[in-house]
Amino acid sequence: MAKASGEVAAALLLALLLVFPSARAFYLPGVAPRDFQKGDELQVKVNKLSSTKTQLPYDYYFLEYCKPKKILNSAENLGEVLRGDRIENSVYTFNMRKDETCKVACRAKLSSEAAKNFKEKIDDEYRVNMILDNLPVAFPRKRDGITPSYERGFRVGNKIKDKYIINNHLSFKVMYHKDPESEDARIVGFEVIPSSVKHEYGEWDDKNPKVKTCTADIKLTPGSNALQEVAADTYVVFSYDVTFQPSDIKWASRWDTYLLMNDDQIHWFSIINSLMIVLFLSGMVAMIMLRTLYRDIANYNQLETQDEAQEETGWKLVHGDAFRPPVNSGLLCVYVGTGVQFFGMTLVTMIFALLGFLSPSNRGGLMTAMVLLWVFMGLFAGYSSARLYKMFKGSEWKKITLKTAFMFPGIAFAIFFVLNALIWEEKSSGAVPFGTMFALVLLWFGISVPLVFVGSYIGYKRPALEDPVKTNKIPRQIPEQAWYMQPAFSVLIGGILPFGAVFIELFFILTSIWLNQFYYIFGFLFLVFIILIITCAEITIVLCYFQLCSEDYHWWWRAYLTAGSSALYLFAYSAFYFFTKLEITKVVSGILYFGYMLIASYAFFVLTGTIGFYACFWFVRKIYSSVKID
């Protein structure tokens, strides 16, 4: 028994170490710069090979590139592993502020398998990602021929007239900002211009490799030599040169180049568009609250005779059924609890992002934070589901707690496991290793599930919420509803406005995920999130009021589904985005895209549904506690 508990403790420690590989690895942007003196060695690290056409990352050394004597993996956090990042050392080394020309990295002989791999990666437009001092390498280009912009990484090669050409010569440029009072300098930029050259050489010496195409004094001019073609049983010489250039860019601003966006006006348009929706809904809610409801409550409270009371119509008429527990009340409690868990995770993640903790320079930080916060928010999931369940006078709280702890994570993990198996089959580095998968399961079972039970225990022990009115023993018959008040139509209409409030920002989020770009405008995102909360709450209240006025008291599930239906539009939009913006051709890549978007849409359904439910719950309690019921 002691041995088993020791193994569990060791495994839990492994999971936490995977999440936090090093306390020193985390830093706030602008707090941990590195100073380099002239001649200091700079080690270029290599990351994954990535492609927007396949969405399947591969390890850099999957291709027959120059390898160091010993390949070392840098410390990774959980987010990096889940994203498929593999940070490894390389043969590319520089000396600070010392230019080098025509430095030979190695000569590699391409086997038929290696040549085939290179050709496939060139066909799929794969890009090589490198890192120097935590800065990703960028390929400079002109947008519209005028505006300078950058692309992350550089292409493996190009296809010219049915010939596969490999980029085997790299011209690096390192920008640095020198301290005027000392010899110290900080790296503020890392660019590369790749080119293809068929190097000429005499007798090859691995210890002292030299080529005739260029020398230490004569720099290689791109386009002046024959191109290096990819073919089986041919030798490819990989070379590079590096120049150092002083820059006025401060270290704290060095990421601005990568994050330069010309779309700020679109983001403001997104905010204004969302605010117009909110103002429209707020006007409707204000009209209902201040005018209609106030008049209703005043009239209901002035009724003096029994005859007048019997002639009542509208929402007061169903007061004896408004708080009747719904069908599948236990399942509703589970979904509400999971929604609270998501809401807490999203809110805290956004706050951390706004404070700069989750900037793009902290690779994998966003993913790590989300997984960890999800695990710890299990406490609130258990509490909220148990409180609601006790209000419904349920007695099997342990059963509800188990469902809360396992339903959403179980479904998401099952889909994730299938998608991961497909990635494994493609031999991609994006496949989550078994050890990481085990750590995720351990975080789920070892921390999240116990916290859900603790929260549930605390919530169930608290006194139940009292209904503002008594519930009749016999359910009232619901009159026939107009076509526009039918559940399906009402629910689908309710999801349009919450989706409309976020869909422009959604475009940028999808672009950052699927087109390998940085997303950093968390200020805009936080504003959109606040607008989403208000929109979900208001549309649910408005439709809930109309429903009660038509004497339909089945509002519990309707409130949840009204706001939650926005997830249907999100998934439909993701399909539209897939066919109009992405160039994915592989079946596996398509399955991955729709699999991950299905998980995202399911999560959005749970989040928005819970917001709508609690808004409606507050509204119904408020109006029925404001009228006198005999």
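Each Cβ is built from the backbone N, Cα and C atoms, and glycine gets one as well.
Lifted from TrEMBL, the feature list:
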SIGNAL    1-25  signal peptide
TRANSMEM  268-290  transmembrane segment
TRANSMEM  332-358  transmembrane segment
TRANSMEM  364-383  transmembrane segment
TRANSMEM  404-424  transmembrane segment
TRANSMEM  436-460  transmembrane segment
TRANSMEM  491-515  transmembrane segment
TRANSMEM  521-546  transmembrane segment
TRANSMEM  558-579  transmembrane segment
TRANSMEM  591-620  transmembrane segment
Proximity verdict for the transmembrane segment (364-383) and the transmembrane segment (558-579), three or more C-beta pairs under 8 Å: no
Answer yes if the transmembrane segment (332-358) and the transmembrane segment (491-515) have at least three CB pairs under 8 Å among residue pairs 6 or more apart in sequence, and no otherwise. no
I need to check the long-range neighbours of the transmembrane segment (591-620): which residues 6 or more away from its ends have a CB within less than 8 Å of a CB in the stretch? 55-56, 322-323, 332, 335-336, 338-340, 342-343, 346, 408, 411-412, 415-416, 418-419, 422-423, 494-495, 498, 514, 532-533, 536-541, 544-545, 548, 555-556, 559-568, 570-571, 574-575, 578, 582, 584
Counting Cβ pairs under 8 Å to the transmembrane segment (491-515), which of 268-290, 521-546, 558-579 comes out on top? 558-579
Lying 6 or more residues past either end of the transmembrane segment (268-290) yet within Cβ distance under 8 Å of it, the residues of that chain are 497, 500-502, 504-505, 524, 527-528, 531-532, 534-535, 538-539, 541-542, 545
